[in-house]
Amino acid sequence: MTPILLSAFWTYTLITAMTPGPNNILALSSATSHGFRQSTRVLAGMSLGFLIVMLLCAGISFSLAVIDPAAVHLLSWAGAAYIVWLAWKIATSPTKEDGLQAKPISFWASFALQFVNVKIILYGVTALSTFVLPQTQALSWVVGVSVLLAMIGTFGNVCWALAGHLFQRLFRQYGRQLNIVLALLLVYCAVRIFY
């Protein structure tokens, strides 16, 4: 990979990993509501699911030409529906002001999110088909870059969770407003899938 292509790869992957999306918003919300330690299950579920999805993207990227457009469209609708459901859960979740201690979303729920998270699917397919496959079609490289993509995505999730933890006091003071803003950002993510 040339230095120019490598810099484009890093720019694309880091910007995509650090911008708002379902995982980052969920990580921020969970750490704000429950603290970083209690959010580690959420982050672990995301990370494992992310890795598996990136490996699946590697396989998909190899056979991109034969993907049924109807299946991709169906996946987009399923992803949008799940993201809207997640937005509803965040918008209606109790805050500390409400005097309730809701538990964070489970490992398995955050794991399952990855399989309908269109942002990471597109992230994986785009990175692999744009930066890797034109350079090499060696399976070891494709798998290696898939693992790297999952690590970069996990880094973004942890950064957002740490921000939620570090600004917890401020976010708790304005918990209801924050939850509504985060929910609206998720709805925006769902809408952006189609437009």
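Residue 1 is the first one shown; counting continues down the chain.
In case you wondered, yes, glycine gets a Cβ from its N, Cα and C as well.
Computed from a predicted structure; not experimentally measured.
Quick look at what Swiss-Prot annotates:
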{"type": "TOPO_DOM", "residues": "1-9", "note": "topological domain 'Periplasmic'"}
{"type": "TRANSMEM", "residues": "10-32", "note": "transmembrane segment"}
{"type": "TOPO_DOM", "residues": "33-46", "note": "topological domain 'Cytoplasmic'"}
{"type": "TRANSMEM", "residues": "47-67", "note": "transmembrane segment"}
{"type": "TRANSMEM", "residues": "70-90", "note": "transmembrane segment"}
{"type": "TOPO_DOM", "residues": "91-104", "note": "topological domain 'Cytoplasmic'"}
{"type": "TRANSMEM", "residues": "105-125", "note": "transmembrane segment"}
{"type": "TOPO_DOM", "residues": "126-141", "note": "topological domain 'Periplasmic'"}
{"type": "TRANSMEM", "residues": "142-162", "note": "transmembrane segment"}
{"type": "TOPO_DOM", "residues": "163-176", "note": "topological domain 'Cytoplasmic'"}
{"type": "TRANSMEM", "residues": "177-194", "note": "transmembrane segment"}
With DSSP helix as H/G/I and strand as E/B, how many residues of the topological domain 'Cytoplasmic' (163-176) fall in helix, strand and coil? 12 helix, 0 strand, 2 coil
With DSSP, how much of the topological domain 'Cytoplasmic' (33-46) is helix, how much strand and how much coil, in residues? 13 helix, 0 strand, 1 coil
